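Feature list (source: TrEMBL):
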| type | residues | note |
| --- | --- | --- |
| BINDING | Trp10, Leu45, Glu66, Arg123 | S-adenosyl-L-methionine binding site |
Amino acid sequence: MEPRFWHEKWQLQQIGFHQQQVNPFLVKYWSCLGLAEQAEVFVPLCGKSHDMCYLAEQRHRVLGCELNPIAVEHFFTDNELAYQVEQIGEHAVFSADEVHIYQGDIFTLPHTLTAGIGGFYDRAALIAWPESMRQQYADALAKLIPANVSGLLITLDYPQDTLKGPPFAVSPDWVETHLAPHFDVELLECVDVLADNPRFVNKQVPWLNEAVYKLTRKA
Ligand SMILES: C[S@@+](CC[C@H](N)C(=O)[O-])C[C@H]1O[C@@H](n2cnc3c(N)ncnc32)[C@H](O)[C@@H]1O
């Protein structure tokens, strides 16, 4: 989606994608990555996700990237974290304790910034892009992830013709075909979460699969 779409969503607080709880797949599978406590974790298109608090609680340094300044400010104020802001290049960097969020476009995030990361976490980032822009995002993500670094990817899949995204449907086939050139892909779990998603139920979407993958950047 174009930046204006997301800025409007945050301005109007139409943020149905924001989860009140930490994502259960994150809690269940994060330890599979075997990351050291102090490892830095990159969270692309992070919004104001509580998942970043979970990662910080695992003693990781969190490096987020988010386009919208309201989202970033709300992350810190909602969590009662005093933050500082500095301008680095074209990104405003909001920092408190172990969380650093680069507010701006992921496509212009310098690769040097993520050169030292030990892991990454993509929930509702890949699926935020329509198919026409998804590969561009996947290529940008791959450029930001150093060789041999692993992360979790959480996707949704459903019959795309039953609902207008975002979130957009991303099938296991799409993941395998388009991400395999950059990453080793391992499907960890896939469950039907339709009953927990009234927007999809109301639109009579027949099924809604949430999947979690382990991705490891190829050398
Ligand atoms: C569907 S939301 C997911 C947010 C978060 N991952 C979560 O789980 O709540 C997608 C987020 O990506 C942000 N975004 C969209 N385009 C972006 C871009 N080019 N660079 C950085 N962030 C972007 C939006 O502002 C929005 O907050």
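Each residue, glycine too, has its Cβ placed from N, Cα and C.
Remember, TrEMBL labels are computer predictions, not curated facts.
Projection of TrEMBL feature records onto the structure.
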| residue | record | Cβ within 10 Å |
| --- | --- | --- |
| Trp10 | S-adenosyl-L-methionine binding site | 21 |
| Leu45 | S-adenosyl-L-methionine binding site | 22 |
| Glu66 | S-adenosyl-L-methionine binding site | 28 |
| Arg123 | S-adenosyl-L-methionine binding site | 24 |
Check Leu45 (S-adenosyl-L-methionine binding site) against DSSP and tell me helix, strand or coil, would you?
coil
Check Trp10 (S-adenosyl-L-methionine binding site) against DSSP and tell me helix, strand or coil, would you?
helix
Maximal Cα-Cα distance (Å) across residues annotated as binding S-adenosyl-L-methionine, namely Trp10, Leu45, Glu66, Arg123:
18
